[in-house]
Amino acid sequence: MQEELAWETDGLLPLERQLHEAARQNNVGRMQELIGRRVNTRARNHVGRVALHWAAGAGHEQAVRLLLEHEAAVDEEDAVGALTEARLCFGMNALLLSAWFGHLRILQILVNSGAKIHCESKDGLTLLHCAAQKGHVPVLAFIMEDLEDVALDHVDKLGRTAFHRAAEHGQLDALDFLVGSGCDHNVKDKEGNTALHLAAGRGHMAVLQRLVDIGLDLEEQNAEGLTALHSAAGGSHPDCVQLLLRAGSTVNALTQKNLSCLHYAALSGSEDVSRVLIHAGGCANVVDHQGASPLHLAVRHNFPALVRLLINSDSDVNAVDNRQQTPLHLAAEHAWQDIADMLLIAGVDLNLRDKQGKTALAVAVRSNHVSLVDMIIKADRFYRWEKDHPSDPSGKSLSFKQDHRQETQQLRSVLWRLASRYLQPREWKKLAYSWEFTEAHVDAIEQQWTGTRSYQEHGHRMLLIWLHGVATAGENPSKALFEGLVAIGRRDLAGWSTMARSQLTATSASRVQMILVPQPPE
């Protein structure tokens, strides 16, 4: 519900609508005029509300008294029968509305007029629930001190007491009043949540601190096995997470499904919460009931910043879930290029296969994610080269993503002319094999179909992949290209190669490396 009732007048006759409006605005003179014309004081709009609801919800004492004097039914609820629209109605009567909005004097008038004090909304909210949720301490005091047989720990349809409601909605003063009145601190709702779970999940620091001070059990689990720390992590509340950790919460507590607090932080994408948990000793490599690590979840839900944090925190990039999928398999399946680049730079094993026997490269091919296919091939070629050159300095800023920058346009144009005008349909593959592309690499490139001239695109992609490797190795691209063409028997292209050499050589090997390998973001 909102801080005031949403104005609804459908389903009313014109004069009835005017009565509702006058009650809402406390226009007693107009109300008396309309009542004198025998306008029905019990007329309902299309969501079941009567004039008394508007007057009580707005705290208009004169309007309430006038309506009660003219046959307004004190206990009428909205959302009655066929009029019910769950989106708009809550099964609230005037008494509950006065408690909800904190109008103590209206509450007293209605009680003195015979309103039933043990009423409930359709969600099972009592007067105590309404006042506690909205933090109206004077109303709470009246209910507890002046009304008879009020059950302090009565539960609503979710199994929550007024104490739960105050905690869930951050009402510290109301919470203190209920504690002082002797409420049960440890009661659980139907999902097994304590007040600690609810306050932590909503991020209410002051209430959470008070509950910790009261002595609620930090390790109490709900029906799914979540502790309050899980709730705070899942709600992306780093301050609450820190508070609970300082109070002694177990950072690596597991739910029934083996989910850690770090899993919940990963599901919500919270880098801040994850960092707090990791610094407190949270294990980055624990797996849930499906074999998924926090890194798997961060990849699946496309949280690049969190993926970077987890990788830097020694998460196992080669961990496999119950489907034998690594995080890279997931990135390949969804075409998350930024995340795939991080995993490739981290050195993920490209030979691991899922339950269908597919590598991450095969998954990318099956999903027709061309750019990601090329990234994986670049990475595979780089790590093969690196294995054979262990003494080479590794001070290169790696990236395997496709480069679209203006600085590389000339180079890419040269290679496109070669692929589209000079190489015959099968020659790009001969050139690829001469440069030690594997059969799997060639097959992966060839899966793309753009028509009868697909070979031109295949050749262009292969040349760009090759150029990435040449740049990374610090080799002379013009020399390597010339030697490759000679190796496949295309010495006749020497003239073209010589022409292109001036364009390629104009950019030194070191310059090629710099512009082909984008710098990582700061």
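Note that Cβ sites are derived from N, Cα and C of the backbone, with glycine treated the same way.
Annotated features in Swiss-Prot:
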REPEAT    14-43  repeat 'ANK 1'
REPEAT    47-76  repeat 'ANK 2'
REPEAT    90-119  repeat 'ANK 3'
REPEAT    123-152  repeat 'ANK 4'
REPEAT    158-187  repeat 'ANK 5'
REPEAT    191-220  repeat 'ANK 6'
REPEAT    224-253  repeat 'ANK 7'
REPEAT    257-286  repeat 'ANK 8'
REPEAT    290-319  repeat 'ANK 9'
REPEAT    323-352  repeat 'ANK 10'
REPEAT    356-385  repeat 'ANK 11'
DOMAIN    413-501  domain 'Death'
Report, as numbers and ranges, every residue of the chain located at least six residues beyond the repeat 'ANK 11' (356-385) whose Cβ falls under 8 Å of a Cβ in that stretch; write 'none' if there are none. 326, 328-329, 331-333, 335, 337, 340-341, 344, 347-348, 350, 398, 400-402, 436-438, 440-441, 443-445, 447-448, 461, 464-465, 468-469, 472-473
So how many of the residues in the repeat 'ANK 10' (323-352) end up helix, strand or coil by DSSP? 17 helix, 0 strand, 13 coil
Grab the same-chain neighbours of the repeat 'ANK 1' (14-43) for me: Cβ-Cβ under 8 Å, and only residues 6 or more beyond its ends, written as numbers and ranges. 7, 49-52, 54-55, 58, 60, 62-63, 66-67, 70-73, 76
